[in-house]
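Visitor: This is the structure I want to talk about, given as structure tokens.
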Amino acid sequence: MYTDSWLCVKPVDGTDNAEIDFGTTSLKPRNTQQRQQQQQQPVIEDDMAKLFRAAIMGPPGSGKGTISKRIAQSFGLLYLSSGHYLRESMAAKTEAGVLVKSYVERSMLVPDHVMTGLMLSRLEQVSGHSWLLDGFPRTLSQAQALNNLYQLDLVISLNIPYETLRERLSDRWIHPASGRVYNLGFNPPQAQGKDDITGEPLIQHDDDKPEALMARLRHYKDVAKPVIDLYKSQGVLHSFSGTDTDRIWPYINSLLSTKMHTQPSDTCHTHTP
Ligand code: G5P
Ligand code: MG
């Protein structure tokens, strides 16, 4: 569960030499004897206890990536996206990448053992950092594997109406080499059909087409339910409903500001802008 530890995030300006500490009261020794014991013991910096671990869940197109980038930028959390790592492995055309491609191209979930292996090894490399996971865990098995190693402090779940998702994704264009995502209405490229940085052509994913999208959404609901129930039971789940990322964002922003200063309650919360 959530510990009464300090939370430490990297400062927003990107420097590594400062720390922001929050919520120190429970770490203070309660009486003279405890204070003396603490003074006699060597100070062991328990970095793990200071870290903040969060995940964002939501159906395809719900805005996980868009919101994650804002969180990472505003709160200095490392941002790890399962979709990004999968696309990276597909681009590298390794044996694993070829296997992954066969699932992603059919809008199917990559098998749990592949996904878990990929994400947990990435997390091991950043074990000293606070992070935010986008798109992982997506199944109960993945959530349990993660839970065995890391206790999440916060899980954000996005509930976006189907019609909104359909409209968004049918307007979505991608730069395949980098994974940069554009939306013709929300954040269009500077030149039509071209990536802003490289000028290379943008493409549309087959699985953003309506029939594939419907199947993805149905599947998402089925597999996400036990994961959501798990995080609800742990008291770390916060759900947000709405049709506009820009209207949901201030609530998430304020939740994170609060979470990084206080301890959580044991209930789950729903926020509807
Ligand atoms: P991904 O890459 O995780 P999805 O399908 O879960 O892919 P996706 O498509 O990346 O999720 P998102 O991140 O939730 O969507 O949303 P986004 O990209 O931020 O926003 C969607 C679009 O809407 C963008 O164009 C954005 O600009 C626009 N937008 C955002 N907000 C608004 C708004 O308010 N208004 C408007 N008009 N537009 C807006 O996973 C890809 C595949 O990898 C596999 C699966 O096969 C998956 O299909 N995979 C896994 N398999 C097993 N286990 C896992 N844990 C897996 N993770 C990935
Ligand atoms: Mg995404």
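Using the three backbone atoms N, Cα and C, a Cβ is placed for every residue, glycine included.
Just so you know, TrEMBL annotations are computer predictions that nobody has curated.
A quick note: this is a predicted structure, and the numbers were derived from the prediction, not measured.
When I checked TrEMBL for this same protein, it listed these features:
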BINDING   G61, S62, G63, K64, G65, T66, R172, V181, Y182, T245  GTP binding site
BINDING   S82, R87, M108, L109, V110, G135, F136, P137, R138, Q142, R216  AMP binding site
DOMAIN    172-207  domain 'Adenylate kinase active site lid'
REGION    81-110  region 'NMPbind'
REGION    171-208  region 'LID'
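Can you tell me where each of these features sits in the structure?
Guide: Taking the Cβ of G65 (GTP binding site) as reference, residues of its chain lying under 8 Å away and at least six apart in sequence are, in sequence order, S81, G83, D134, V181.
All protein chains considered, the CB of F136 (AMP binding site) has 26 other CB atoms within 10 Å. F136 (AMP binding site) falls within neither a helix nor a strand when secondary structure is assigned with DSSP, and so counts as coil.
Per-residue pLDDT, averaged over the domain 'Adenylate kinase active site lid' (172-207), rounds to 87.
Assigned with DSSP, the residues of the region 'NMPbind' (81-110) fall into helix, strand and coil as follows: 21 helix, 1 strand, 8 coil.
A Cβ distance under 8 Å defines the sequence-distant neighbours of the region 'LID' (171-208), meaning residues of its chain 6+ beyond its ends; these are 60-61, 65, 83-84, 87, 91, 104-105, 107, 216, 245.
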Visitor: Just report the maximum Cα pair distance in Å for the recorded GTP binders G61, S62, G63, K64, G65, T66, R172, V181, Y182, T245, no decimals.
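Guide: So the binding residues stretch over 15 Å, Cα to Cα.
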Visitor: Helix, strand, coil: count each for the residues of the region 'LID' (171-208), based on DSSP.
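Guide: Helix (H, G, I), strand (E, B), coil: 3 helix, 12 strand, 23 coil.
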Visitor: Six or more residues beyond either end and a Cβ under 8 Å away: which residues meet both conditions relative to the region 'NMPbind' (81-110)?
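Guide: Distant Cβ neighbours of the region 'NMPbind' (81-110) are 64-65, 68, 118-119, 122, 133-136, 138-139, 177, 179, 206-207, 212, 215-216, 219, 223.
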Visitor: Using a 10 Å cut-off on CB atoms, tell me which of the binding-site residues M108, V110 is the least crowded.
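Guide: Output over binding-site residues M108, V110: least Cβ neighbours within 10 Å is M108.
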Visitor: Spatially, which candidate from the binding-site residues S82, M108, V110, R216 is nearest to G61 (GTP binding site), comparing Cα atoms?
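Guide: Its closest listed neighbour, by Cα, is R216.
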